[in-house]
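Quick look at what Swiss-Prot lists:
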- Asn60: N-linked glycosylation site (CARBOHYD)
- Asn133: N-linked glycosylation site (CARBOHYD)
- Asn148: N-linked glycosylation site (CARBOHYD)
- Asn203: N-linked glycosylation site (CARBOHYD)
- Asn277: N-linked glycosylation site (CARBOHYD)
- Asn366: N-linked glycosylation site (CARBOHYD)
- Asn388: N-linked glycosylation site (CARBOHYD)
- 1-398: topological domain 'Virion surface' (TOPO_DOM)
- 420-497: topological domain 'Intravirion' (TOPO_DOM)
- 399-419: transmembrane segment (TRANSMEM)
Amino acid sequence: MCVFQILIIVTTIKVAGTANINHIDVPAGHSATTTIPRYPPVVDGTLYTETWTWIPNHCNETATGYVCLESAHCFTDLILGVSCMRYADEIVLRTDKFIVDAGSIKQIESLSLNGVPNIFLSTKASNKLEILNASLQNAGIYIRYSRNGTRTAKLDVVVVGVLGQARDRLPQMSSPMISSHADIKLSLKNFKALVYHVGDTINVSTAVILGPSPEIFTLEFRVLFLRYNPTCKFVTIYEPCIFHPKEPECITTAEQSVCHFASNIDILQIAAARSENCSTGYRRCIYDTAIDESVQARLTFIEPGIPSFKMKDVQVDDAGLYVVVALYNGRPSAWTYIYLSTVETYLNVYENYHKPGFGYKSFLQNSSIVDENEASDWSSSSIKRRNNGTIIYDILLTSLSIGAIIIVIVGGVCIAILIRRRRRRRTRGLFDEYPKYMTLPGNDLGGMNVPYDNTCSGNQVEYYQEKSAKMKRMGSGYTAWLKNDMPKIRKRLDLYH
């Protein structure tokens, strides 16, 4: 039987300089292959890692778009449909680790975690994604993460769509055989911030939720301290680095770690409590404790509420981030934090669920491979780019504000003019509605002694008939009183009679 390979559609879109999106549509029952070249390694002796993940076939609805998380942080990224975000999970397929040697890479470790039927991933000189006898269960998004040392991760995406077949059930994932180990439910709960006055005694309470375990185990709690630094705007905790502290991107210098909590290795450990023979049954955990000399006389664990602790006579230098890590059989399994500070030293704390270098900020970097000096200067250059974007945004916002003020002023003047004109028209209208003189008496009326009240309304015609003598041209002025509350209107009339 001959296998017919056909690649129907392959389009590549450059995304923010650090990612490629390949879109493949394959008819059901056919096969397709796409090759994704590797990024050239840079420094000999460094690690080069690749990880393939898969988001299942709920994610056929995809697109690329311009995303702005903040006014100055915008980038082009992959946009997924609502069904993808609601029903699908990103499944890790395999991870390969290489070492860079003379400009090439040599594989030193490979681990297949899950498998998708009819999908083959090649790990040779250049990666290949092969689809044989495609069915709808193969559809989805395949993502390759590539990283050389501690440099910015590269992202390659292959969106696979399968045409002309009814929906199959989701594939049965094949998992490798691994040694089983007992596990327990372990979590820590506490308040995340506490503000104190200098000289206070404070209690930091942490509740431990421990599920049942069939075996005797080792339980250890470590209290790590990241001191407050006035140059920090906020503090960031990189959660993956708590569970994998030896990852290259988690290990940083002391100067770089003043504002973020990454590897446990870089952070001062001020206290620890360890129990070798712990059980969730009738036996109670008995801990051996150790306190760092910097807080020896002031910090003590609260028993039996370990890892809760009490600190006496707290000072300004005690302000900062305290992270409690729980290790089950020597393996980090849970963690929590509390930020202790005075009012003046309070900072916000943000939890980041990626290792340093991942996430949307990595897309802001230039896509080209940089040398050592350029890599060390990335932080300052990205800050300059953000500042430039902020300046443009501020100028635009100021211009819009000035324009809005001008529009309000001009509109107010126009409204005032219209109101004034309307009042004049209303005044003239009221004057026209009230009785007025048909003709005005002159000084040569002779014996006529008609009161002014009789010249209005019903007596107007009568008065006009009685008048026979022609009046000479003269000027006269009279005041018309409309009402007590109405405005006074003076009208000059030139009479021609």
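The backbone N, Cα and C atoms fix where each Cβ goes, glycine too.
Features recorded in Swiss-Prot, as mapped to the structure shown.
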| residue | record | Cβ within 10 Å |
| --- | --- | --- |
| Asn133 | N-linked glycosylation site | 14 |
| Asn148 | N-linked glycosylation site | 23 |
| Asn203 | N-linked glycosylation site | 11 |
| Asn277 | N-linked glycosylation site | 11 |
Length of the line joining the Cα atoms of Asn277 (N-linked glycosylation site) and Asn133 (N-linked glycosylation site), in Å: 54
Helix, strand or coil at Asn133 (N-linked glycosylation site) [DSSP, three-state]: coil
Mapped DSSP class for Asn148 (N-linked glycosylation site), helix or strand or coil: strand
Per-region confidence, the topological domain 'Virion surface' (1-398) (mean pLDDT, whole number): 75
